[in-house]
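Residues or ranges marked as active site by Swiss-Prot: 706, 749. Residues or ranges marked as ATP binding site in Swiss-Prot: 384, 385, 386, 387, 388, 389, 390, 391. Among the features that Swiss-Prot reports, domain 'Lon N-terminal' is placed at 38-233. Annotation comment: Swiss-Prot describes 619-800 as domain 'Lon proteolytic', evidence class sequence analysis.
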């Protein structure tokens, strides 16, 4: 009974004793006209009864303004209960038709812009008609009066007596019941007030309370109230029975504990307490540890708890395994870093070709570590395509630093407990992978490789969010594993993450990473990697010596260009392994084999070529332009073909183009039409001919903005009948103002242009910095043109004169077809 004790406390605080309530009840019907209009306020969780106080918390701004106005003017407001708690009452259908008028006794502004009010119920009313529903409910009402029963009748006296008796029993079952409320109940002489008071405190639903409010006959209301009180009494008796049983069980547990302690003492006297020796051994090991006081206190507290438990208890092995983990962790144990920068550089160069940015960053870290001993470990993220050596670089870094190496594969990880650990209460609980890796390494400053960071999933919890604490240099000096439950310092750990793409890494996590991009290898770099690392490794793994087999550079280049298409070298490694195995098989079978593999031997050993290199193709037709494309496995060149045919100005795009590339084509076409005077193109050509733009290799999806200037060059060539210059390629985005914007993937595109035989490249002026990052020996035969506007592209890309047999677009005679071809690129 009286679940809402706050309500009763409010009543006691503001009633000032019974006479105030009696006076309110007697004067309740004064100075109010019948059928008056009244502003309504909906109550979600309770029913206000006449003569009763009730607090309410308001959040709606318009309702708060209304209530403040009523409070300041000392007016009254109608309180009606909502039919449903989970919706806002905005119409008459959402509320009951009978409510209680009220005065606002107190109004408090809360810090979060909400308002809390204290209401005093006065008299009941019935809604006759809703006048308005916005901004708040306004209704015409009629006042309702309770029907007073014959207080001298035997039935009435029996009801009153039963109610008071039942309430007394309820109070006796609840020792915590406030004394003030007991006194208040004993002194209420007005039966209506008594029933309303008890109804307001009933532990029942809002519909039952509304039912009591709507009963105007006091004797009938008392009878219904008595039923609710009797039901509440049965529930209270059952609750008391349960509480008594729980109390008895607790006493039994205490008794059992006392008996177990006696048994333990007897076991000690008999020398049978073998588990005590185990705990003593753990405590002795703990005394040898150099760990923080907080950790030591926790460790000894856990051992004390285990000592009090029976070895057969379910918690005992958990506490022991937890203590063993704490002992096995390398608290304050660090390996000594190799501070010889030259030696570290030699180790990195010996095992990995290229990757200059990563090596430079690592040497910077070592240099600063040499200058200061308190530097926190950086959080590096090696970002690049598969197979470029991101993961294997971790081992080399650990070797160069003279540190332990730990690798955790995050691909497919979907449970944050894998990172942060499980609670000890779970069956089979264990620490997370971070603490487990530290435990296995035996050092608190290993090189910790977090492989495939971009492939974490979040089916259960959010493992990426769990990594935020691990990878934040400001927080990881006190990382708390859920199983370990004490802080562990990860600030000296060198975390290195790897990722193939950044867009799948949450922004908050990416912000904590120092991103180092590793681009795909050039053919020259792949050649050097194959000569120095891959081929010798495969030869050794397959049981051959250097005197048995060698390979010519041209053969390696043949394998790279015709049998692999990747940014890294994984497939190249597999193809070289295949070459070595085939030679090894021939040796065992005593068949003839080449002791040095040349270019001509590759096809006979590996079979037909798998890939054709896209090469520049000379054409005499206008409407053809060469673009540069970026793909996940490197760069390539693509052709744009454009053709005009008799029609009505329709634009057709083909070649499986994405939305961005289609928009680039429309932008180029629109700019061309808007600037016909620039190229001397007659306006009528756009109305008399259909334009078709096509990108060959239609099965391959193409998208990106970098084909903008290539599309424009192809269209300008077609409409002016001036051919694009030989061996010229271009890349760049265009705008409707004719401005050329920078694009990405420049290194891969430029290397692809060189492989294809291109001699000149046109690109945005803002991409000049990207060219400067490419090794000069890789681009020494290329000439670069940097442009800001498409007018410059026309001067650089198109021949000054028209082709032979150039078409005259001013002649509008219908033709079967106007030849003119072209090719496009993607980003």
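Cβ atoms are placed via backbone N, Cα and C, with glycine included.
These figures come from a predicted structure and were not determined experimentally.
Cα spacing between residue 706 (active site) and residue 387 (ATP binding site): 26 Å, rounded to the nearest whole number. Between the binding-site residues 386, 389, the minimum number of other C-beta atoms within 10 Å of a residue's C-beta occurs at 386. A simple Cβ count within 10 Å picks out one of the recorded positions 391, 706 as the most packed, and that one is 706.
Surrounding the centroid of the Cβ atoms of 384, 385, 386, 387, 388, 389, 390, 391, where the record places ATP, the chain contributes additional residues within 8 Å, namely 382, 498, 500, 518, 567, 568. DSSP gives residue 387 (ATP binding site) a coil state; it is part of no helix or strand. The 10 Å shell around the Cβ of residue 388 (ATP binding site) contains 26 further Cβ atoms across the protein chains shown. Here the Cβ of residue 387 (ATP binding site) has 20 other Cβ atoms within 10 Å, regardless of which shown protein chain they belong to.
Secondary structure at residue 706 (active site), as computed by DSSP, is coil.
The average pLDDT the prediction assigns to the domain 'Lon proteolytic' (619-800) is 89. Counting in whole angstrom, residue 387 (ATP binding site) lies 19 from residue 749 (active site) by their C-alpha atoms. In this view, residue 390 (ATP binding site) is surrounded by 26 other Cβ atoms within 10 Å of its Cβ, with every protein chain counted. For the pair formed by residue 388 (ATP binding site) and residue 749 (active site), distance between Cα atoms is given as 18 Å, rounded to the nearest Å. Annotated pair residue 385 (ATP binding site) and residue 749 (active site), C-alpha to C-alpha distance, rounded: 15 Å.
Between the alpha carbons (Cα) of residue 390 (ATP binding site) and residue 749 (active site) lies a span of roughly 22 Å.
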